[in-house]
Amino acid sequence: MKITVIGAGNVGATTAFRLAEKQLARELVLLDVVEGIPQGKALDMYESGPVGLFDTKVTGSNDYADTANSDIVVITAGLPRKPGMTREDLLSMNAGIVREVTGRIMEHSKNPIIVVVSNPLDIMTHVAWQKSGLPKERVIGMAGVLDSARFRSFIAMELGVSMQDVTACVLGGHGDAMVPVVKYTTVAGIPVADLISAERIAELVERTRTGGAEIVNHLKQGSAFYAPATSVVEMVESIVLDRKRVLTCAVSLDGQYGIDGTFVGVPVKLGKNGVEHIYEIKLDQSDLDLLQKSAKIVDENCKMLDASQG
């Protein structure tokens, strides 16, 4: 198994290190355009192997030839968000980067599974799929795993309980229009609405929607990377080990939820072939309306981007 991580910034490097620690690949390549950065970080990771008890071969490179025959490619490359900047502000800048990266990947790997992390996430996943020519099942955006984790953590914090006992489902685009579905949110099987007031749940939902921006505002420079990287690793692990995990990911829908041809976050089964099944869960009309509205925003941005490319 060979995995390549494109982008040696905080998200990319943290993802690579966690993948190496879990020994999900025999060979792991960390690639970046800046000379020396991926080489130095990869060597540092590799040297931690004797103490961390892993044997993953970690290589840093600036040459896409070193990514040849990758089974999975994680794209984290792109410009970071700055305070006050929405994911949509990044649209045109990062689309060019993702398009270039995907083209170079496909020159050296015939049929990889691509996991996109670059923002604006749903739109960049569309860009990568469009450029790659791969079946839609093999191009997946990391969004709902992270958004659901944030919602779960806020609920656990509110109740003072273990995060492991909280389950949540956050659908839609990875942005301000995401849809945390309260009816599918539980604590040890107990509906969260039985434990927290509707008013307080609404506040936690809003905090989840702005969770990324909250961290950006704290950091001043850069954005979240520990939780995003951990979310990517959960997805990759399900693919590599064919675990068939049901995770919320940004995938191209084919009529489910009344949405067609748009990448948006919904529950899917992830296995060795990528997206193996899309689950169409029953939603209240209000949540369905929000999901469709979220998808419409993604679709409009994709069409605007396609038009700008001529």
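Sequential numbering from 1, following the chain as shown.
Heads up, the Cβ atoms here are built off N, Cα and C, so glycines get one too.
Swiss-Prot annotations:
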type	residues	note
BINDING	G7, A8, G9, N10, V11, G12, D32, N94, V117, S118, N119	NAD(+) binding site
BINDING	R81, R87, N119, R150	substrate binding site
ACT_SITE	H174	active site, proton acceptor
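Location within the structure of each feature annotated in Swiss-Prot.
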{"residue": "G7", "record": "NAD(+) binding site", "DSSP (3 states)": "coil"}
{"residue": "D32", "record": "NAD(+) binding site", "DSSP (3 states)": "coil"}
{"residue": "V117", "record": "NAD(+) binding site", "DSSP (3 states)": "coil"}
{"residue": "R150", "record": "substrate binding site", "DSSP (3 states)": "helix"}
{"residue": "H174", "record": "active site, proton acceptor", "DSSP (3 states)": "coil"}
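Counting other Cβ atoms within 10 Å of each Cβ, the lowest count among the binding-site residues G7, G9 belongs to G9.
Taking the Cα atom of each, G9 (NAD(+) binding site) and R150 (substrate binding site) are about 22 angstrom apart. Neighbour density around each Cβ, counted as other Cβ atoms within 10 Å, peaks among the recorded positions R150, H174 at H174. The two recorded residues, V11 (NAD(+) binding site) and H174 (active site, proton acceptor), show a Cα separation of 16 Å. Candidates G7, D32, N119, R150 (binding-site residues) were compared with the residue listed as 'active site, proton acceptor'; those inside 10 Å Cα-Cα are N119. Separating the Cα atoms of V117 (NAD(+) binding site) and R150 (substrate binding site) is a whole-number distance of 16 Å. Across the annotated binding residues for NAD(+) (G7, A8, G9, N10, V11, G12, D32, N94, V117, S118, N119), the two most widely spaced Cα atoms sit 17 Å apart. Around the Cβ of V11 (NAD(+) binding site), 28 further Cβ atoms fall within 10 Å across all displayed protein chains. Separation of the C-alpha atoms of N119 (NAD(+) binding site) and R150 (substrate binding site): 17 Å, rounded to the nearest whole number.
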